[in-house]
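A.B. asks: Sharing a structure with you now.
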Amino acid sequence: MRVVVSIGGSVLAPGLDADQVDAHADAINELTDAGCEVGAVVGGGGVARDYIGTARELGANEIELDDIGVDVTRLNARLLIAALGGDAAPSPAEDYEDAGEAMRRGDIAVMGGVVAGQTTDAVSAALAEYTDADLLLYATSVPGVFSADPNEDADAEHFTRMTAGELVDIIADIEMNAGSSAPVDLLAAKLIERSGVRTIVLDGTDPRRIVDAVRFGEHDGTDVIPDGTDNQMTYWADNQE
C-alpha cells in the first residue's frame, strides 16, 4: 500500500519539540514496518509564519515570502528525516520525481514545499497523484472537514464522509470568508478531485491516529471518497495483519 502523509508544521514540531517529531517518525516507521510505502510532506507551521512576517516588515515581496516559506518547510522536513534515521532518503526531495524515486527504492520520501505560490497541502495531493498512491492522509490540527472554520463558527458541522466534489465546494465556501481557515486549501481539493485519490483529513497532533487510520481504518476525521464510487473508505484495512 502506497501512502502519502501530509503533516502540518504546527502538528509536527510545535515549538520545535523534538519529542513530537520523534513520535511522528515512530508512526511513519510503524507504517513502513507494516509494509506501506510512505511519502511524507511537511508544512512550515508557526515558524514559517514568523519568518514571513518579519521578512514582510523588511520589505520582501510576495514571491520572496513564498520562497522563505518553502525553505522553512524543508527545514522541518530535515527534522523529520533526522528522526527517521536511515529509513528515510537523506535529504528532502525538491520535486515529485525525486520523491517518487525514493519511494520506489524503498526509502521514506520526505519533502516540504516545491515552488512559490503552492502550499504543502497541494504538494501532498500532487505527490499522491504522481506516485499513484492508494491513500492521502492530512494530519492537521483540526478533527476533519467542517462546513465552516470551527475556530470561527461554533455551530460548524463536522463531516465524517464526503465526495471529492463536495470537498471542493466546502473549501471554496470557507476560503471566501476573510479570516477563515480550511483544513486543506482549494488547489489541494481540486487535485484530490482530479486524481481520485482516497483521502482522510484528521487531527494528527497525536500521531497514533495516523497509524490507526491507515492500518485499521479507524479515525474520527473525514473520509473523502472519489466521486462515483460507493466503496468503503477503509477497504484496504481488511488486508492488514
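For all residues, glycine too, the Cβ spot is worked out from N, Cα and C.
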A.B. asks: Need a hand: Swiss-Prot gives ASP66, VAL114, VAL115, ALA116, GLY117, GLN118, THR119, THR120 for UMP, which of GLY39, GLY44, GLY144 is also on that list?
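C.D. replies: Of GLY39, GLY44, GLY144, GLY44 joins ASP66, VAL114, VAL115, ALA116, GLY117, GLN118, THR119, THR120 in the UMP site that Swiss-Prot records.
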A.B. asks: Based on DSSP, name the secondary structure state of GLY45 (ATP binding site): helix, strand or coil.
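C.D. replies: Looking at the DSSP assignment, GLY45 (ATP binding site) belongs to a helix.
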A.B. asks: Hey, what's the Cβ neighbour count for SER10 (ATP binding site) at 10 Å?
C.D. replies: 19
A.B. asks: Specify the secondary structure state of PHE146 (ATP binding site) as given by DSSP, simplified to three classes.
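C.D. replies: Where PHE146 (ATP binding site) sits, the three-state DSSP reduction gives strand.
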